[in-house]
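The structure appears right after this line, and notes come after that.
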Amino acid sequence: MTQANNTVYTDLSVDELVKEALQRGEGVLADTGALVVETGHRTGRSPADRFIVEEPSTQDAISWGPINRKFPADKFDALWARVEAFNNAQDHFVSYVHVGAAAEHYLPVKMTTQTAWQNLFGRCLFINPEQFNPAGRDQWQILNVANFVCEPERDGTNSDGCVIINFAQKKVLIAGMRYAGEMKKAMFSVQNFLLPAADVLPMHCAANIGEEGDVTLFFGLSGTGKTTLSADESRYLIGDDEHGWGEGVVFNMEGGCYAKCIDLSEKNEPVIWKAIKHGAVLENVVLDANKHADYTDVSLTQNSRAAYPLEHVAKRSEANLGGEPNAVIFLTCDLTGVLPPVSILNNEQAAYHFLSGYTALVGSTEMGSGGGIKSTFSTCFGAPFFPRPAGEYAELLIKRINGFNSKVYLVNTGWTGGGYGVGKRFSIPTTRAVIAAIQSGALVGAETEHLDIINLDVPKAVPGVETELLNPRTNWADKAAYDEAAKGLAKLFIENFKKFEVSDAIKAAGPQL
């Protein structure tokens, strides 16, 4: 379709999008055939530039604050018109996709992007349905115009770029943003607001299925191991990041994966390694003279990424969904070296640790967090993406766990034997052995040992894991130093948890001093 001197490219194939991106100088090909692009000064999400339009449907339903920032409806309309006019004056790309694999819960989306590569990214990450919108639902629109420059005084934005969600109009406006992860996370936030009304728990987690149909969920912030640990050659992948849990089903919201590439190796992450081929997009990955990706080079960012469709994963759930989970795993990257490699949680502890969302920002996906590593609490293991009050998600989690009798575990992929800089990080093979033990059922009813200050129960034996690793205190040369570190961590938990209005039973399930 042509509009006054420009072309609208609709539903191009992957090959055509790659060709357009190369012809327009948007990227280059790696030796694997993946398209390699750079995203400019933003190499991660920009939380300070994300807004939700305040209108009757959102006014009293959203937890407003520094994460969910209000944007006036009239300002949105003016900015949308301005960005749309800018985009319509040049070539752009349109694809029709779904968000949500379950037939009852998909959102039909018209995705418009200024660049070919961001359209390819969307085709990697969203679902490309055989038939678009068979239920005839109202359509959402994404308008993603990377080269538009916002003017804060005129547009009401925080900077030269913005991400604004308008629930009343079913629109997502992304302007001035080259980092494509904004697109997928915006639609995740949309589903996270809508799904609880349908009694579905939206989750920032990965999911996979065993040969017997048993499902495991992996909750965790970026860098804690969701993508790596769910990409298991012995199991079928559902997805690596965004899922819904309803009665009888866990479904992927996406049609692809978005893997961190820092230090990626074929040995440790063979599934991801093999998926990076023609049709995949590499963001901010440095190539050598032979067009070979150097995943150890962090000169552009620690948050280098690979986007690829699920079709690039040999063992996957063809239906993009599974049954309810037998095992729910909360992944935490503990910088203090205090937490054990695995703890078995009861329901109250599950609610406590879900609300706390304790972990570290590792090679953070957020702009402005720097390259360093620091501890953080992120409610529901994904605070930036959950617009409703946290308690609503926690109540749904407990309802789902109770309903299916799912077992819940806290798995530390961080440090042991001392804090960051002193101790050592658990190896991926060690964590994989912990996960395998959980999935085999070996820890159900296992004999445990109680750790007082952090108030956790650890199994006395885990197949494939050295026994001396299980109790973190025994790993520290200086036991008094461990106790002090444990008290310090407990204080952080207790201070963070003061903001939650929950039952005394849940409050008592956390660390105690």
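Glycine is no exception: its Cβ is also placed from the backbone N, Cα and C atoms.
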Which of H204, H278 belongs with K185, D241 in the Mn(2+) site listed by Swiss-Prot: H204
Which of R305, R316, R388, R400 belongs with R45, Y179, K185 in the substrate site listed by Swiss-Prot: R305
Whole-number Å value of the largest CA-CA distance among K185, H204, G220, L221, S222, G223, T224, G225, K226, T227, T228, E269, R305, T431, listed as ATP-binding: 27
Distance [Cα-Cα, Å, rounded] between K185 (substrate binding site) and D241 (Mn(2+) binding site): 10
Cβ packing number for K226 (ATP binding site), 10 Å threshold: 28
Rounded Cα separation (Å) that holds between R305 (substrate binding site) and D241 (Mn(2+) binding site): 14
